[in-house]
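Following: one structure in structure tokens, then a few remarks.
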Amino acid sequence: MKLHEYQARDILARYGVPVTGGGVATTPAEARAIAEQIGGRVVVKAQVFVGGRGKAGGVKLADTPEQAEQVAGQILGMNIKGLTVEKVLVAEAITYEREIYLGAIMDRASRRIVMMASAEGGVEIEEVARTNPEAIVKVAAHPMLGLLDFQARDLAYGIGLTDAKQARQFAQIATALYRAYMDVDASLAEINPLVVRADGSLQALDSKIVLDDSGLFRHPDLEAMRDASDEPEAEQRAREAGITYIKLDGDIGCMVNGAGLAMATMDVIKLYGGEPANFLDIGGGASKEKVKTALQIILSDPNVKAVMFNIFGGITRVDEVAKGIVAALSEVQTNVPMIARLVGTNEEEGRRILAESALIPAATLAEAAEKAVHAARAG
């Protein structure tokens, strides 16, 4: 679950990260009131879950409260990469001499939380990793002891913060970011940029936190921050139904039970020259209603030219899945060809149910993938 910038900065501020003054506004009048409280120059920033806000006109400076009101009126309601701006962050605009990147992320290879810093702040860290990987300094936090003081200082020295006072403040901010990351069950937390002001002090200008959905049951206060308006309708519907769904760029819809089997299914589709349109795991013990909802979600993607079912019935009963597919097809009028490979518990009954439909049967995963790719190309 993604948090907006204003939500992330509020969390980091509670941990002692120095942030600029400001607040969130939903109307131009609210933006003016916040600018009046700040006094002086402000920056008005669109709050949407996409990058490139500045290039799209979603970040503007204002010298007066009147200007802030005018600028907010221009940004609110703006469409940025398909998302409508409903909130803006009005924050103090400051001058600075240098931009730094600081982030925390899970490194699955080492199974540690890795803290990263770079002297090349203000740009996407992925771009820095591609063009100048030597500019990124990393330390792995101890799983029991956490981020140690000397590691935080090593990050500071590694990006050229050699002044003792400056390095000490950076270490404090890095430790605060790490603590926030751990406490809120984040999968990503970053400050970009963390700027160096003329007096040598550090201040966070932009921040980002992505929460691990699996940990949200521990944080009802954070769950309440979810902004469904910026979540694609299909993903929102899938989440509410307990279905794991991620839209991709291909044209072959996939419905599978089990994350590992779903990834293997996508691999085999690509092996036969196709492109998956989605990752969809209906989970174990899927009911008829859940299967019906999953199929409706898949077919809501206009790019889908074929649908492939790959169900291995252990906990999940194949006949229940078959009933769900037939029920969905009775409600959704579609000419999209569908290929089904269903094996396991009650598979004979499941195949009997599907035999009365227009689905194309397949005995193996390879056969199903090959037929799905052929059907998508023919469509």
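Glycine is treated like the rest: Cβ placed from N, Cα and C.
The substrate site recorded in Swiss-Prot comprises Gly314, Ile315, Thr316 together with one of Asn192, Asn257, Asn278, Asn346, namely Asn257. Among Lys45, Lys87, the residue that Swiss-Prot places alongside Gly52, Arg53, Gly54, Ile94, Glu99 at the ATP binding site is Lys45. Counting neighbouring Cβ atoms within 10 Å of each of the binding-site residues (Asn192, Asn257, Thr316), the lowest count belongs to Asn192. Under 8 Å, Cβ to Cβ, and six or more positions away along its own chain, Arg53 (ATP binding site) finds Lys45, Ala46, Val59, Ile80. Cα of Gly314 (substrate binding site) to Cα of Gly52 (ATP binding site): a distance of 45 Å.
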